[in-house]
Amino acid sequence: MITPSKAPLIQLRGVHKYYGDYHALRGIDLEIRQGEFFSLLGPSGCGKTTLLRTIAGFEGLSSGILAIDGRDMAAVPANHRPTNMVFQSYAIFPHLSVAQNVGFGLRRESMSRDQKARAVAEALEMVGLGGYGGRAAHALSGGQRQRVALARALILKPKVLLLDEPLSALDKKMRETMQVELIKLQRNVGITFILVTHDQEEALIMSDRIAVMFEGDIEQMADPETLYRRPTSRRVAEFIGKMNLLPGQVAMEGNRIIVDVAGLGRGAVEAEQAPGGVVPGATTVGVRPETLGLLFPGETTSRRLADGVVDEVVYYGDMTYYDVRVPGIERPLTISMKNLIGQPVLDVGTPTQVVWDERSLVVLSR
Amino acid sequence: MRKHWGLRAYAVIYLAFLYAPILLLPLFAFNDAAIIAFPLSGFSTRWFEQLWTTQALHDALRNSLVIATVTALLATTLGVCAARAGTLPNFPGKRGALGFVMLPLVLPEIVIAVALLIVVRQVLDLNLSNWTVIAAHTVICIPFSIAILNGAFQNLDPSFEEAAMDLGETRWGAFRLVILPLVLPGIVSSLLICFIISLDDFVIAQFLTGANPTMPVYIYGLTRFVDALPLIMALGTILVTISVLLLVIAEYFRRRGVARAGLKDSGGFL
């Protein structure tokens, strides 16, 4: 396993991209380190694929700088960049065999026929398709096509592997398998991966770092845990995982940040709980469902309580999601509970108490 | 099934109207009489033998084959360029250009023929020759070529070309190694269809042919002589056979192209 080094492999400075009047990328600044698994996450139309295609060389920049490994890429066409791409459609050439597909990029390498055949066999072995070389490309399943696309891109030992929504065409089971395999593969080869996805869960599972994009700009860039626990804006908080958004008031009392949340109450929070900064006045407070709890009959707690009534119950097997109506809060609070031994699943209409404390809160000024 | 007898009868009559006259061709071509009339007088291959020894016919045939071959190559090459342009992202005037290119498909041939005759003789002041026929045939073949090749090009995943370039190929390399092999069946199909159209055309060739007539023009000339009718029947038999054969081959390649790209078949000629 190769640990990510500190040197930036890819640098983008003030990157803008226009399509006519449409402003697709609005001043992207980005550094991606050697060996990193980096994800571009966002809703469709946010510019994540455009950014990836810019790095690949399929799209030019309207302004700004893109450098890979310290080299400016402005004059370097796609076929001479140290990047390779796994396309959303996989783009497996249907008239060639699996081995011919994987070996396609070796055409221009000065290797003997034997060396090439060995490289192809190794690449297929690496993605778990050993012995598939002679098969016709159009006879493969979705998962196999993806592996061929990976082998075809990795055989050239690129500095960066670009993945454009590579798992979106697969069914859920296959997708989960491939997520784990991709992580392992990335660790083994030590190549920098840049993944484009609209699936926040996929980004959280796979990435070292994630850039969340909206409307052509990066809204927040952080590791998965920071992104999930400490979103800087309401949009990021809503896009990643489930988040209760409550109206509140925030104020500074000396060095302390005091938050008054509608329906729950007042409390002091740490500075890191306001990652977007503190603007005194009306604000939105985010609360993750798993940082809240329900007080079951016979239990006691030292945490704070709010009265409520169960409004909706969604049973997931390992978890139960409750929507609880709390006086003073317009929308019901979503609360997730682990289904532990001996713990009942409450019915709709049951009066209950919501358990919370100051550590549950994230101040979202923006 | 019984309740559909009306439709069945209609289908049978329809096919009879289409093909019965053509079936008369071989009937009289192998008939041992100079007059086209029933009853038949016996089997003979003498009309075919006579075809074999008519020098003017051979010249016309050679002319037709040269013109059809060159036309097919020209129209298909231009068709490939147009169909490839059709896959590019929208550029100014794309729709208009593709629309105008398809227009000769619906213009009466005689209008095209007269217009081209005026251009060649009055505007350019050239002599009529095989080249004027080739130019005119190319004009009428291009829409067919584009229609066939458009299908082949539109079926391609737009990522193919980018994938090939991503793997180190130049734009030309990507076209040669990936796009061309995938549209090759379409190209073969286009070549054959254009070849047939050129070979069969009478109206345009009649106007633009030089000193050496093409096959259909020669046949038309023969119809003035009553005793040449069985010859025309024999010749017609050969031409129909060749045309059907080429059409079947063209369709075979088109279908193979569809299958190769792993797509569902929609449309086609057969």
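In case you wondered, yes, glycine gets a Cβ from its N, Cα and C as well.
The structure displayed is predicted, hence computed values, not measured ones.
Positions annotated as domain 'ABC transmembrane type-1' by TrEMBL: B:61-250. Positions annotated as transmembrane segment by TrEMBL: B:12-40, B:60-85, B:97-119, B:131-153, B:174-199, B:228-250.
Away from its own ends, the transmembrane segment (B:131-153) comes close to residues 67-68, 70-72, 74-76, 78-80, 82-84, 86-87, 98, 101-105, 109, 112-113, 116, 120, 179, 182-183, 185-187, 189-190, 193-194, 197-198, 201, 204-205, 208-210, 214, 254, 257, 267 of its chain (Cβ-Cβ under 8 Å, at least six residues beyond either end). Comparison of B:12-40, B:60-85, B:228-250 by number of C-beta pairs under 8 angstroms to the transmembrane segment (B:174-199) places B:60-85 first. Outside the transmembrane segment (B:228-250) by six or more residues, the chain places 22, 24-26, 28-29, 31, 33-36, 47-48, 50-51, 54, 57, 188-189, 192-193, 195-196, 199-200, 215, 219, 222, 269-270 with a CB less than 8 A from a CB of the stretch. For the transmembrane segment (B:97-119), the residues of the chain that approach it from at least six positions outside its boundaries are 82, 85-86, 132, 135-136, 139-140, 142-144, 146-147, 201, 203-204, 206-208, judged by C-beta separation under 8 angstroms. Cβ atoms under 8 Å from those of the transmembrane segment (B:12-40) belong to residues 46-48, 227, 229-230, 233-234, 236-237, 240 of the same chain, restricted to positions at least 6 beyond its ends.
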